[in-house]
Each structure stands twice: as C-alpha cells, then as structure tokens.
2 protein chains.
Amino acid sequence: MEKLRVDLGERSYDIKIGEDILANLGQYLSELEIGKKVLIISNPLVDSLYGAEVEKAISEAGFEVEKALIPDGEKYKSLDTAKDLYDEAVAAGLDRTSSIVALGGGVVGDIAGFIAASFMRGINFIQVPTTVLAQVDSSVGGKVAVNHPQGKNLIGDFYQPQLVVADKKVLHTLEERELKAGLAEVIKYGFIWDEEFFSFLKDKREEVMNLDTQAVIKAIKTSCAIKAEVVEEDETEQGLRAILNYGHTIGHALEAVTNYDCYRHGEAVAIGMVAAARIAHKLDMLTVKEVKEHEELISDFGLPIRFEGVDHDQIINALTKDKKVEDGVIRFILAEKIGKVKILSDIPEAIIREVLAEIGGE
Amino acid sequence: MEKLRVDLGERSYDIKIGEDILANLGQYLSELEIGKKVLIISNPLVDSLYGAEVEKAISEAGFEVEKALIPDGEKYKSLDTAKDLYDEAVAAGLDRTSSIVALGGGVVGDIAGFIAASFMRGINFIQVPTTVLAQVDSSVGGKVAVNHPQGKNLIGDFYQPQLVVADKKVLHTLEERELKAGLAEVIKYGFIWDEEFFSFLKDKREEVMNLDTQAVIKAIKTSCAIKAEVVEEDETEQGLRAILNYGHTIGHALEAVTNYDCYRHGEAVAIGMVAAARIAHKLDMLTVKEVKEHEELISDFGLPIRFEGVDHDQIINALTKDKKVEDGVIRFILAEKIGKVKILSDIPEAIIREVLAEIGGE
Ligand SMILES: NC(=O)c1ccc[n+]([C@@H]2O[C@H](COP(=O)([O-])OP(=O)(O)OC[C@H]3O[C@@H](n4cnc5c(N)ncnc54)[C@H](O)[C@@H]3O)[C@@H](O)[C@H]2O)c1
Ligand SMILES: NC(=O)c1ccc[n+]([C@@H]2O[C@H](COP(=O)([O-])OP(=O)(O)OC[C@H]3O[C@@H](n4cnc5c(N)ncnc54)[C@H](O)[C@@H]3O)[C@@H](O)[C@H]2O)c1
Ligand SMILES: [Zn+2]
Ligand SMILES: [Zn+2]
C-alpha cells in the first residue's frame, strides 16, 4: 500500500493507494479519531459490486454501519437528493462524532461530501473513490457540491476528507469508456505540471490502459501528488488551483452545449486540452510539435481530439456563462511548454473561433 | 460609531455598532474587497421598515443591488427556503465576487449565511442584524444553518461574515417581548464571562430596557466582544465555545417539548439559566445568594424564571436527544461564580429532576 499526505495544517489527511485494500478499511478507520457510527453513501451499481465488502470491513472493526443509496447518475447530484440524504443521516442517528463514507465515483463523492460538510456543521468524511476520475481528481482536494438546474456544482463547499482510500482493484469493473474518460484527467497532470509524468504516460500507455497494477498505481499516485501539491498551495482556489481546470474551459462549454449527454466529462476535457494547446500555439506559447504531442497522447489513450455537429456560437456563448467567469472575464489555462501552464484572461474571441474551426469544423 | 475586530486570521472582520449607521452601509461595503453585485436577503416585515434605506445606501455607493425576501418565521429557515434562495441568487446573476447582505433577525442571518457559505462554494457575506439576539449573538461567530424537521440548525456550516453592522436604531421597532427575549442572551454574557458586565446590567437595567443609546451600545459592544473572544479561541466549537450555550441545555429542551410555540428562545434560555444556577448550587458550585442574583437580574429584565404545565419526563427525554449530545453524554454549562463557567457532563438525572420540581412544579 502506498501512502501520500495532503498537507493542509489541521485539515491534513492521508491518501492510501493500493491493490485490494478495501478489506483494510476497518483498520484504516480505527486509526482515525472518529465515533462509532458510520454512514456509507453509495449507489446501487457500486453497492452491488463492493458494498458488502466495504460494509463487512468497517463493521468488523467495531463500527455501527448504516447505508444510504442514491440513484446512479449526474442528475441526482442535486439538492433534492441531498435532502433525502439528510433524512437518512438523521434516521441513522448520526452525531457530531459520526462519519460518512463515500463509496463511488465523483457523483457519490461530491454529494456525500456536501452532506458531511453541512450535517451538524461538519462531520467526519472518508472518500472511497471507485472511478479513475474520482481516484485521481474528485476525491482529493475538498471540493464538494451538488448541481443547480442552472449550473454544475453551484451549491457546495470546500471540505476536506479525513482519509482517501483508492483501491486500484475496483477499476476493473469500470466500463471501458468510463476508464478512458478518467484517464483524461491523468494526462492533464502531465501537461500542467510534470513533463516526466507525460513521458511515463507515453511509454506506459498500454500498461495503464490494461490496468497493470504497478503502472496504474504509479499513475494514480503521481496524479494525486500533483493535485495535493496544487491544493496545498491554494486550497480555496484564489489562484494557482485554477490550473487544474486545464482543458476545462472549452470542455465545460462543450458539455453544456450538448446537454451533458453526448460527451463524458473526460472526453470533453480531452478536446478542451487540444483546443487549449492550439490557442497557446496561436499565442506563440507552444510549438507545432508540442501541439502534436498533445494530440498524440490524448488520442493514443482512445480519447477524442476533434468534435463535430456543435454550433460554435453556442460554445462561445457558454464560455461567458461559465461559473469561473468573474466580472465578465473568461480565463484560460494555457501551456507554455509541456509540464507548465499559466492562467490568462482576455484571449481574443477571434482566436478561440479559429481554433474551434480547426478542430470542430462544422 | 464603535468598532470591534473579530480576530480569526484570514477570516477576521469588523463589527460596527452605532446609532443610525445604516445610511453608511454603502461606504462600509466599498471598503471591502467585493464585486459589484449585492443580493439583500430579508423578510417582508424588516424590508418594509429598513429595506429602502439599506438598498439606497448600498446602491448609491455604486453596487448593483437585488433583493430576495423570505417569509417571516423560524419555520421558513428550511432547506426548501434555501432552495428558493439559490434560485434567486442564480437569477440575480451572482458570481464569486458577489455578496449577500442579511438584513433581519437571526432567522434571516442564519439562512442567508448558509446560502453565502454554499453558493459557488462561498461568496461574500455581510450581516446587518436587526434584533437584539442577532446583534449580540447570531450575527457574530459564523454559525450559519437551516433547520431539519428533526432538529434545529441540523444543516449548516461555520462561515464567517466579512462585516457585521449593528444599528441600535432598528431595535426601536422590535416588539417588547422580542426585545426582552434578546436581552436574555446579553445577560448570559455577564453570567458566563464578566462579573463587571453583570453589575453594569444590574445598574443600568432601566436605561437598557428603555433603549437609551449609550447604555444599549455598550451592552451590544460588550456582548459582541465576549462572543468574539470565545469564538477566537474556539471557532468550530471543539471546547470553549460551548459555554455560549449557558442556559441552553434546559432551554432547548423546554422549547422542543413545547413545540417552539410557547416560549421565545430567550425566554427559554432565561429559565434554563435559572435551572443551571440551581443545579450548580446543588453541586456546591454556586451559593444561594448567587442563585438569587441570577433570578433577580433575569426577572428584573422581564424574563421568566419559572415554568409550568410541561411534563418533566418529556424534558429529560428531550435532553438526551439534543444535538449537543455526543455518544449519549449530556453536557451542562454550569457557573462556579458569576462571570465564570465550566462544562460538565454526567450530571445525575436526580439533580436535574429536583431542580425541575423547584422551578417547574406541575
Ligand atoms: N470534487 C471535485 O474536485 C471534482 C473534480 C472533478 C469532477 N467532479 C465531479 O465528479 C463527477 C463525475 O465523477 P465520475 O466520472 O466518477 O462519474 P460517476 O460518479 O457518475 O461514475 C460514473 C459511472 O461509473 C459507475 N461506477 C463507479 N465506480 C464503478 C466501478 N468501480 N465499477 C463499475 N462502475 C462504477 C457509476 O455508478 C457511474 O454509473 C461529476 O459530478 C463532477 O462534477 C468533482
Ligand atoms: N448563528 C448563531 O450563532 C445563532 C445564535 C443564536 C440564535 N440563532 C438563531 O437565530 C434565530 C432567532 O433569531 P431572532 O430571535 O432574531 O428571530 P427572528 O429572526 O425570527 O426575528 C424575530 C421577529 O422580529 C422581526 N424583526 C426583526 N427585526 C426587526 C426590527 N428591527 N423591528 C421589528 N421587527 C423585527 C422578525 O421579522 C421576526 O418576526 C433562530 O433561528 C436561532 O436558531 C443563531
Ligand atoms: Zn475534470
Ligand atoms: Zn441562544
């Protein structure tokens, strides 16, 4: 089992990464200073695969375990579902010393974290992420939220977990498309922070995609380490943390315009990273070769680098509605080279349109 | 205008206290680092009294002001109302730099603060408290919340405002009973922290109750200063902060058993402080004289020191269901002398029952 520490003063916590470590959950929880009651929040699919194992591990360590399931799907990451979960938390008799364990992907993690953050003004929270995206991204860093009909993650908080347990084993049951989409975020870390990691991913592409244990654990660990480093420096997204949104500006716009039912998040981010690379090239920040390296790595991981059938005006329109827009200024994260990015605003719309024309020819 | 600073590192803020200072709100807001958009949250009654003045002051300073009203009453401090307010925040086009101004009593302040804490993971929050309770207690210290059908303030957060503006003037329109109930919390600060303040209140009782400007401002300022000191030492209620719940253990139980429609919160706390004093006496902590001093001050302020018609078994039962109970242990805040309290658990039920018999003879 590999261990990483996220260093946030009083809010510091460990990330444990390994193969077949769900069975140790009870022991891990015993090492925390938490009360007897544990509420597992999951969804029916993940629960059917890993619920019994997790429940057993935790209750055998002497905890009183209750379980609350929410329907599967992004649309249930809502205030309505949150309301049901508060009812379940009350019914389970949770008190201030109790804990919520999120067992699932980013949807479960985000809403469970929101409940943990707000129930009795904050109870203990443990993340057991079961998708690639959740293991390398959403479970680390403390962003928790539910969606509002008018915007994703519009209602939320910064609330750090007490522990993250990423078991590589669970990735084997992921749908192929889900797996690949999650890897888009892994690739992202190479582009924004770590050229060596970029090279590693290039070299070990096959091992990672075939879920070779060593390669995947290294990929998860490096991703989490990068995210931790960024979050340690900027927990509440005053500045640096925004670089984690590399590829997300255009990515989010694409998702929004296609009503979130055409692209997986990671796929949209993949296209968004290509767009960002091409914008950077037009601003003399990246060379043609570096743009090509973006596109090759992304497409080698089975992710899209082009799109079609989406109106460019709508994308431009969606960009200005993004939550990350402040006082009307759209921010882009652009690479200066592979492994280093910076935040820019005031990218001329003409350049964005040129790039859209290149990769999303109508 | 008097100014107090609540010292919480990055989350520090000022409390401004004065007579007729609402008109300066625009200027005060201009001194903060906040964006152009401001959403005032209030209720119809308070809005009809002070809404126009506040809106004018803020918009004349160059802010874009929107307003959202919630129905008057504790029962609207709910997740359902919160949902409406999120819709209003979206409709108002708030972004991360925007601010929410709570104009009202503790109900408005608590729910507006919950929205501010969770909208886009936290936007600027300004408290303009308009009841005594809100000016001396709920607007300071960052507890924000909505109620759950099964428990008050069950869904909430710690989220500090950026500024608190307490205008003594607005207290003149309070109903007499509301005014007195709020003063129970003022008296509380004397009992728990400051014997001199206790003496001040004894001496200046009439001035305070007649809303003499100087006496009231001194009472508000001293109360806020004590609360600030306690919160500075224990922002998230790990220990010390619990002393602010003096009188609240029995008080909450009384409120709960009577379905929150018999006693004002402050009235229940008044009775609760008498109960606490009598329990302390039975544990050889307070003298008979000190118990009498409790009762005299409380009743001189027109607050109840006895109750009737409430089943004692139900009170005992409610005590064990209180949110502040952890792993089954009921905590009491008891005074060692006037101006000094400590936190005790394991008070024998028999003693509690004896005291209930003394002050709530059936
Ligand atoms: N908090 C953050 O910092 C952050 C960062 C990025 C994304 N997010 C959020 O994460 C969410 C997306 O997360 P996601 O991509 O994990 O989606 P998801 O949680 O919807 O999971 C995708 C699908 O995989 C299933 N699944 C999960 N684990 C499985 C397993 N081991 N085997 C088989 N199937 C499994 C789920 O039931 C679901 O159907 C979004 O709501 C997004 O906003 C949050
Ligand atoms: N956050 C905290 O730390 C904290 C502490 C104590 C209490 N509270 C909460 O505060 C709430 C109670 O607050 P409250 O006692 O202020 O009640 P409230 O907000 O309901 O106000 C009482 C009544 O006075 C009216 N009112 C307000 N200002 C007025 C004015 N200037 N003139 C005339 N009428 C006015 C209101 O419309 C309401 O009808 C409870 O929900 C309680 O949980 C919170
Ligand atoms: Zn992402
Ligand atoms: Zn109170």
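Along the chain as shown, the residues are counted starting at 1.
Glycine too: its Cβ is placed from the backbone N, Cα and C atoms.
Predicted automatically and left uncurated, TrEMBL annotations should be read as such.
According to TrEMBL, the feature NAD(+) binding site maps to B:72-77, B:106-110, B:130-131, B:Lys143, B:Lys152. The Cβ of B:Thr131 (NAD(+) binding site) lies under 8 Å from the Cβ of B:Gly104, B:Gly105, B:Gly106, B:Leu171, B:Leu174, B:Glu178, B:Gly182, each of these being in the same chain and 6 or more residues away along the sequence.
Of all the Cβ atoms in the protein chains shown, 23 others lie within 10 Å of the Cβ of B:His265 (Zn(2+) binding site). The annotation Zn(2+) binding site is assigned in TrEMBL to B:Glu185, B:His248, B:His265.
In the predicted model, the domain '3-dehydroquinate synthase N-terminal' (B:69-180) has a mean pLDDT of 97. Annotated domain '3-dehydroquinate synthase N-terminal' per TrEMBL: B:69-180, in sequence order.
Taken from TrEMBL, the feature domain '3-dehydroquinate synthase C-terminal' applies to B:182-325.
Same-chain neighbours of the Zn(2+) site beyond B:Glu185, B:His248, B:His265, judged by a C-beta within 8 angstroms of the site's C-beta center, are, in sequence order, B:Leu133, B:Asp137, B:Ala184, B:Lys188, B:Gly247, B:Gly251, B:Gly266, B:Ala268, B:Val269, B:Gly272. For B:Tyr76 (NAD(+) binding site), the nearest of the binding-site residues B:Glu185, B:His248, B:His265 in terms of C-alpha separation is B:His265. With all protein chains in the displayed structure included, the most crowded Cβ environment within 10 Å among the binding-site residues B:Lys152, B:His248 is that of B:His248. The 6 Å Cβ screen around ligand 2 retains B:Gly106, B:Asp110, B:Thr131 from the binding-site residues B:Tyr76, B:Gly106, B:Asp110, B:Thr131, B:Glu185, B:His248, ordered by sequence position. Least crowded of the binding-site residues (B:Glu74, B:Asp110, B:Glu185), judged by neighbouring Cβ atoms within 10 Å of its own Cβ: B:Glu74.
Of the binding-site residues B:Tyr76, B:Gly106, B:Gly106 has the largest number of other Cβ atoms within 10 Å of its own Cβ. Neighbour density for B:Asp72 (NAD(+) binding site): within 10 A of its CB lie 17 other CB atoms from the protein chains shown. Around the Cβ of B:Val108 (NAD(+) binding site), the number of neighbouring Cβ atoms within 10 Å comes to 30.
B:Glu185 (Zn(2+) binding site) sits 18 Å from B:Glu74 (NAD(+) binding site), taking the C-alpha atoms as the reference points.
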